[in-house]
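Features as listed in TrEMBL:
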- His254: active site, proton acceptor (ACT_SITE)
- Tyr24, Tyr129, Arg164, His254, Arg257: glyoxylate binding site (BINDING)
- 77-79, Ser106, Gln127, Thr155, Lys230, Ser252, 285-289, 308-309: FMN binding site (BINDING)
- 1-359: domain 'FMN hydroxy acid dehydrogenase' (DOMAIN)
Amino acid sequence: MEVTNVCEYEELAKQKLPKMVYDYYSAGAEDQWTLKENREAFSRILFRPRVLIDVTKIDMTTTVLGFKISMPIMIAPSAMQKMAHPDGELATARAAASAGTIMTLSSWATSSVEEVNATGPGIRFFQLYVYKDRNIVRHLVRRAEKAGFKAIALTVDTPRLGRREIDIKNRFTLPPHLTLKNFENLDLGKMDKANDSGLAAYVASQVDQSLSWKDVQWLQTITSLPILCKGIMTAEDTQKAIECGAAGIIVSNHGARQLDYSPATITCLEEVVKEANGRVPVFLDGGVRRGTDVFKALALGASGIFIGRPVLYGLAVDGEAGIKNVLKMLRNELEMTMALSGCTSLKDITRDHVLTESDRIRRSLSRL
């Protein structure tokens, strides 16, 4: 089968992966309403293309936290990637570097920060869960700094793991030949089997449920790296994050894996961008499968987007080459969307280039 778009990798990955692994990567929480909505919300945003503009040359380069990257498409943290392919996070790191973009490494990676660093040059962020034992947090952050990681993406929406019913049915746990590499020397690398989800039991035993805004400030006392708050969806939390010194915000609902019936991230984006008001960059993850999705997010104020599941599916199907192709297809689709919308650079993409459901309602009411 010739793969012509990112979505086709999912079906191929489903055929190739063990059921427990595919289900873990693909599923959302409870009824999985938010999982569907993350995708469907993009379909309700329409374009207002401009024409008769010279689009011979299109520039997709941008800067994130001072680092120049080739396109506003980056890789989100996804746990346990060696379940998808033996090279796991190492393949992801190489593919991101080859594409000239940023990779975010999960705390719960099956490759360590040192192993990822050893793959060669690249701009990498480290995703952080805050453990009950703060010495573990200090240890992780120091290692990430030493390994050349450039920012911390602090996940703020996981005081508990969302109820992922498919994982409960599957009694999900990390395959015995793999470990959470960043915790291996701390005797926290293994995930025991449980009566429901082994991951849920692990999170309940290790992750600090008392995490609060003061901890965002505390984190700045143990690192000089910029801190992105990942998992913010409201203006109120945007304001608090900025007050607490966050260097950026990632609008995220954790891939619809936490609180079901949370809105799609693309529908929350404008509220967050408006509140941030240029003080910090705002990024988006959740549901992006097309270059058209990327354009819509940029038009609504995002400084860039992160993709998670498409990377895992590309990795499962064809390793590093699969991820490279995922990034290439999204890049090509974004370039085409820009050309057909009359935009030759990212700064040309404006709010006037899209029409949301709210816009259409306002227009209808104004005609009454």
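Yeah, the Cβs are placed from backbone N, Cα and C, and that goes for glycine too.
The structure, with features from TrEMBL marked on it.
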residue: Tyr24; record: glyoxylate binding site; Cβ neighbours (10 Å): 24
residue: Pro77; record: FMN binding site; Cβ neighbours (10 Å): 25
residue: Ala79; record: FMN binding site; Cβ neighbours (10 Å): 21
residue: Gln127; record: FMN binding site; Cβ neighbours (10 Å): 24
residue: Arg164; record: glyoxylate binding site; Cβ neighbours (10 Å): 24
residue: Lys230; record: FMN binding site; Cβ neighbours (10 Å): 28
residue: Arg257; record: glyoxylate binding site; Cβ neighbours (10 Å): 23
residue: Asp285; record: FMN binding site; Cβ neighbours (10 Å): 27
residue: Arg289; record: FMN binding site; Cβ neighbours (10 Å): 22
residue: Arg309; record: FMN binding site; Cβ neighbours (10 Å): 21
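By a simple count of nearby Cβ atoms, those within 10 Å, the most crowded of the recorded positions Tyr129, His254, Gly287 is Gly287. Comparing C-alpha positions, Tyr24 (glyoxylate binding site) sits nearest to Ala79 among the binding-site residues Ala79, Gln127, Asp285, Gly287, Arg289. Counting only the Cα atoms, the space from Gly287 (FMN binding site) to Arg257 (glyoxylate binding site) is about 12 angstrom.
Pro77 (FMN binding site) sits 10 Å from His254 (active site, proton acceptor), counting Cα to Cα.
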